[in-house]
Amino acid sequence: MIKVGVFGALGRMGSEVVKAVEAADDTELVAGIDVGDDRGKVLGADVVVDFTHPDAVMDNLRWLIEHGIHAVVGTTGFDDARLAEVRRMLDAKPGVNVLIAPNFGIAAVLMMHFAAKAAPYFESAEIIELHHPNKADAPSGTAYRTAELIGAARAHAGLGDAPDATTSELPGARGAQVDGVRVHALRITGMIAHQEVVFGTHGETLRIRHDSMNRESFMPGVLLGVRKVASLPDRLTVGLESLLGL
């Protein structure tokens with residue numbers, strides 16, 4: 001039985017994680033805590049799942065690593081600098097693993113994988129991500145990671161910049177740019193989590209889209225992370241790809 005704690009247990013994602021942990025046959029909920037609660041309640045957990053806020057997650061990780069507790073993190077806002085800081089924390093505390101996933105939806109992970117595979121074959125690639133208006137960061141971690149994967153695949157294939165004759169624009173009209181890939185973030189009431197990758201070349205386009213209709217859709221990926229994090233070969237793992245054999 002894997003003993004699990006949940007940070008952000010009263011949030012939309014955290015409350016789903018609590019239900020999933022309680023329902024699974026091989027996991028036991030030690031404690032679910034939220035803002036203002038004592039983190040010491042999760043001492044004794046094998047793994048803690050963090051769905052909190054970009055402003056809180058680094059301090060949470062520091063505390064978990066210091067106390068020898070594996071972490072599965074769905075909180076967004078991780079750039080290269082933050083990942084490097086997590087690696088430094090882990091170097092100081094052998095025996096602890098951290099899994100950070102931009103998206104725990106297995107279909108979303110497959111969408112990112114397919115996008116990276118398609119990228120070398122198209123001149124143009126842009127990403128549109130759509131989320132609920134309470135999301136704190138933009139672009140989403142999923143869109144950022146997808147852009148990184150597409151950018152790397154394009155670079156490996158020797159592709160240059162995507163064609164774009166824009167010389168005059170309102171600030172932000174062409175979106176943000178991540179590794180040469182334009183990313184557009186929409187925040188719409190009624191949405192949960194959606195992403196579309198649009199590829200184009202002469203005479204044809206390809207669209208790869210993923211839609212999460214509810215937060216329950218992320219739970220198989222979260223539980224996979226909980227079950228696998230302690231045995232992962234790398235101290236820090238980013239994304240579910242290796243857990244899925246991709």
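Glycine residues also receive a Cβ, built from the backbone N, Cα and C atoms like all the rest.
As recorded in Swiss-Prot, the features of this protein are as follows:
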type	residues	note
BINDING	Gly8, Ala9, Leu10, Gly11, Arg12, Met13, Asp34, Gly74, Thr75, Thr76, Ala101, Pro102, Asn103, Phe104	NAD(+) binding site
ACT_SITE	His131	active site, proton donor/acceptor
BINDING	His132, Gly141, Thr142	(S)-2,3,4,5-tetrahydrodipicolinate binding site
ACT_SITE	Lys135	active site, proton donor
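Feature map: annotations from Swiss-Prot on the structure.
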residue: Gly8; record: NAD(+) binding site; Cβ contacts under 8 Å, 6 or more apart: Gly14, Asp34, Asp50, Phe51, Thr52, His53, Thr75
residue: Leu10; record: NAD(+) binding site; Cβ contacts under 8 Å, 6 or more apart: Gly32, Asp34
residue: Arg12; record: NAD(+) binding site; Cβ contacts under 8 Å, 6 or more apart: Arg215
residue: Ala101; record: NAD(+) binding site; Cβ contacts under 8 Å, 6 or more apart: Val72, Val73, Gly74, Val109, Gly221, Gly225, Val238, Gly239, Leu240
residue: Asn103; record: NAD(+) binding site; Cβ contacts under 8 Å, 6 or more apart: Val109, Met112, Gly141, Thr142, Arg145, Ala193, Phe218, Gly221, Leu240
residue: His131; record: active site, proton donor/acceptor; Cβ contacts under 8 Å, 6 or more apart: Ser140, Ala185, Leu186, Arg187, Ile188, Met191, Ile192, Ala193, His194
residue: His132; record: (S)-2,3,4,5-tetrahydrodipicolinate binding site; Cβ contacts under 8 Å, 6 or more apart: Arg187, Ile188, Thr189, Gly190, Met191, Ile192, Ala193
residue: Lys135; record: active site, proton donor; Cβ contacts under 8 Å, 6 or more apart: Arg187
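The secondary structure of Asn103 (NAD(+) binding site), as reduced to three states from DSSP, is coil rather than helix or strand.
Neighbour density for Thr142 ((S)-2,3,4,5-tetrahydrodipicolinate binding site): within 10 A of its CB lie 27 other CB atoms from the protein chains shown.
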